[in-house]
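What Swiss-Prot says about this one:
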type	residues	note
CROSSLNK	LYS14	SUMO2 cross-link
CROSSLNK	LYS51	SUMO2 cross-link
CROSSLNK	LYS390	SUMO2 cross-link
CROSSLNK	LYS429	SUMO2 cross-link
DOMAIN	100-178	domain 'RRM 1'
DOMAIN	197-275	domain 'RRM 2'
DOMAIN	433-520	domain 'RRM 3'
REGION	1-487	region 'Inhibits homodimerization'
REGION	387-408	region 'Disordered'
Amino acid sequence: MATATIALGTDSIKMENGQGTAAKLGLPPLTPEQQEALQKAKKYAMEQSIKSVLVKQTIAHQQQQLTNLQMAAVTMGFGDPLSPLQSMAAQRQRALAIMCRVYVGSIYYELGEDTIRQAFAPFGPIKSIDMSWDSVTMKHKGFAFVEYEVPEAAQLALEQMNSVMLGGRNIKVGRPSNIGQAQPIIDQLAEEARAFNRIYVASVHQDLSDDDIKSVFEAFGKIKSCTLARDPTTGKHKGYGFIEYEKAQSSQDAVSSMNLFDLGGQYLRVGKAVTPPMPLLTPATPGGLPPAAAVAAAAATAKITAQEAVAGAAVLGTLATPGLVSPALTLAQPLGALPQAVMAAQAPGVITGVTPARPPIPVTIPSVGVVNPILASPPTLGLLEPKKEKEEEELFPESERPEMLSEQEHMSISGSSARHMVMQKLLRKQESTVMVLRNMVDPKDIDDDLEGEVTEECGKFGAVNRVIIYQEKQGEEEDAEIIVKIFVEFSVASETHKAIQDLNGRWFAGRKVVAEVYDQERFDNSDLSA
């Protein structure tokens, strides 16, 4: 073995085959920050690789379709061009594809694709967003193309998002420049759509059903059909659908009254249908890609998800999960690190929550449509006569007979009553299981036995999950008053209401106890200040 010795003062370092001690001992271990940066780099490279492959496959697929169409025009019928019917079908498909796209310009350079997606998502499901990037500055060029699943979503976005303030700039929203060649077909589709009294409804709450939407909208007239588009995989609706009325006036009233109406915490987007009725189909593969590309994308996504899970478990408690994380996880990151989620439809006329990396940028949207709906026809409430059991007739007079749940489920409601019932349905899903007891004890009365005593007493009304005794100082002064609030969480809401009914107003140690329902969301977020 060849060796060499380098003398440095009194010390010497022996080299073997040109390798020093550092090579023999190995590199020092990576710090947590370096490990995080490495994981980010790996995941970013994987994401870019997948995006590049999908773009190439999409382009190849589109070119293949164009080639097939051209070949069909030459070969079909021994050299004859496509038949008029086939040619018209192809033209309509191209026109529909163009109608689904909108151009978005004057985008602030700090805003990314996620911000654009979340700002435009309330109008309908987005198939793709195409942003052009400058390879030198590594920033987008200030414009993008948003492609929706249905033309009506693009039409609503065009009507309601043009000149909206986004990131400190008034964005420009319009049709793509190539719409001119398809304009005659688009006009023809619009003319056909006028023969049907259809409206498009988007931003529908996930917990609402077709019947719920129908009951709300039938206040404006008789409905022929009401269908929400379904995801064939999950079976859940995708947040949009179409309603067809018998009369044109009904559809006009519904659009003018229900656009931007708050239904279940989400503001509906309602507009006239711009295409004739077609089946609410979902492409079998995302974005119309060939099956191989869809499978590859799904596999790659699963791989990335697995990497995130492994990386998150390795650095739990010390590091935030790198890369694409859920909005809840981004709360752990420093302010300004990533854009926050955009709730584009939190209030009529306002888009809130858009926070680019720097600086903080307000996002506002001018008021559109009617915020407080004016009913075109007075709401009606008709109850179907329930079947009465013999025992009920004997026990209760007709005026005092209780309504059974099965009877309530068959009520026929419409108009404002329908909207109220739908809102109540959504609120029931969030009923609180937490009771707060006020004015029960003084701070000096708190001891180790108090929690057990409260648990035992409240256990008479149901299963108690936990008891929290909270002392709240009423000011910054040293001698500020301290009040005691006792929070009791039951297993179900009915037990909470039973306890409140029994304990509210009861006297305890010379004090009149106040028992109330406490907001579940506040309690879950450890906010005991209300």
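Note: Cβ is positioned from N, Cα and C throughout, glycine not excepted.
Summarising model confidence by region, the domain 'RRM 2' (197-275) averages a pLDDT of 92. Neighbour list (LYS51 (SUMO2 cross-link), Cβ cut-off 8 Å, at least 6 residues apart, same chain): empty. Residues of the domain 'RRM 1' (100-178) grouped by DSSP class, helix first, strand second and coil last, total 24 helix, 31 strand, 24 coil. As a summary of secondary structure, the domain 'RRM 2' (197-275) carries 22 helix, 30 strand, 27 coil according to DSSP. Across the domain 'RRM 3' (433-520), DSSP helix (H, G, I), strand (E, B) and coil residues number 24 helix, 33 strand, 31 coil.
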